[in-house]
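Copied from TrEMBL, the annotated features are:
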type     : residues : note
DOMAIN   : 29-359   : domain 'Acyltransferase 3'
REGION   : 1-23     : region 'Disordered'
TRANSMEM : 27-46    : transmembrane segment
TRANSMEM : 66-87    : transmembrane segment
TRANSMEM : 108-129  : transmembrane segment
TRANSMEM : 172-189  : transmembrane segment
TRANSMEM : 195-218  : transmembrane segment
TRANSMEM : 230-247  : transmembrane segment
TRANSMEM : 253-275  : transmembrane segment
TRANSMEM : 282-303  : transmembrane segment
TRANSMEM : 340-361  : transmembrane segment
Amino acid sequence: MTRMSDPPRSVPLNRTDRQDGQRPPQLLALTSLRGLAAWWVVFYHFREHLWPLSGPWLMALWGGGYLAVDLFFILSGFVIHLNYASLFRRISAVSLREFASARLARIYPLYLVISVAFLANPLAIILFSSEKVIGERYDSSYYLFSLVLMHNWGFLPGPAWNIPSWSISVEAFAYCAFPAAAFVLVRYIRYPLDAVAVVVGLLAALAAFFYGVGVPSIGDGIARFGLERCVFEFLVGMALCRFYNLSGGIGPMVHWAALAGATVLFVLTAVTAVPDYLTLPAAFAMVVLALTVPGAPLSVILARPFLVYIGTISYSTYLCHYLVKDWVNFLLIKPGQPSLVAFGIYAVITLLASIALYHLVEKPGRKLVRRWARRTLPLPQ
């Protein structure tokens, strides 16, 4: 495990910033963490078939899968800042074009394919169900807004259609805010303690927001409050990465302190009535920071190739699993069927679909959009 001591507070730390064109460090544990979070959501959305087979602690774990979204957004803010903040030392048409085309290529091709596949659901209801009533979930106006990733920007009820896709809508909004936020962090946050202050301030603002709107949990009111929830957390991840960059990485003391702090907050949330918005965003931020040390024991475990691969295909897992759930419920689950069998079918199909979608849609689609962007939006000479 390597360590770089923090320089004195009086010395600006621009020397530790990654320069334009320099590759960011490869933090494999964070890739694996993304995969574990995706599968936490998979378990959450099939939890009704797992609860009869689970004890109280496992029931609480499956039921808390909605919190994976909070981990996702802190992790996403960290990784996006790590990879793209250097573009926005100065905001320009070139930097905006490069960032926008890269993120569009990353999220939209697979998203569009899954959105089209979801049209099979109402069609199947019309053709094969006894009720033949589509219901509010398959509202046409919601679907049209979802195609432009605006379906969870606060003006529609929901979620609907592909239920987890509400967070992709919010991520698109966070991407719109990223250039300005990155510019402010890179230009004005020059010392590690300043970055820590920003992280703490954002976490406090997030908690104050949820206390002010009067909801008991950070997962409540997705259609009304999901945008603010996730954008705050995305900014937390960005500021956390700014701290990481300015510090030149973290050492053993910070690593173990972060893991200990996260453990305390997890236990506090589990055994007391403290609202999750007071504790869990901070706990997830500590976990992300702790896993930036490649040689730490937990990072070494998470860097195993299988776990990294699960993280690599996690976007496909996240987008396809609810469609798999719908069709497993529709075609395969019969009254009296053992829940473990139903979950096994769901999990295996989700994994196989994730692998296929990643290699046949996500990767080729990313290359296709990048080629289109280079031809359509050429860089100035």
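Yeah, the Cβs are placed from backbone N, Cα and C, and that goes for glycine too.
Please treat TrEMBL annotations as automatic predictions, because they have not gone through curation.
Beyond its flanks by at least six residues, the transmembrane segment (108-129) meets 135, 138, 143, 146-147, 149, 161-162, 165, 168, 315-316, 319-320, 323, 326, 330, 357, 361-362, 364-366, 368-369 of its own chain at Cβ-Cβ distances under 8 Å.
Most Cβ pairs under 8 Å to the transmembrane segment (230-247), among the stretches 66-87, 172-189, 195-218, 340-361, belong to 66-87. If one looks beyond the transmembrane segment (27-46) by at least 6 residues along the same chain, the residues whose Cβ comes under 8 Å of a Cβ in the stretch are 61-69, 71-72, 75, 78-79, 82, 163-164, 287-288, 291-292, 294, 298-299, 302-304, 307-315, 317-318, 321-322, 325, 342-343, 346-347, 350. In this model, the domain 'Acyltransferase 3' (29-359) carries an average pLDDT of 92. With a cut-off of 8 Å between Cβ atoms, the residues of this chain six or more beyond the transmembrane segment (253-275) that come close are 1, 60, 207, 210-211, 216-218, 282-284, 286-287, 289-290, 293, 296, 298.
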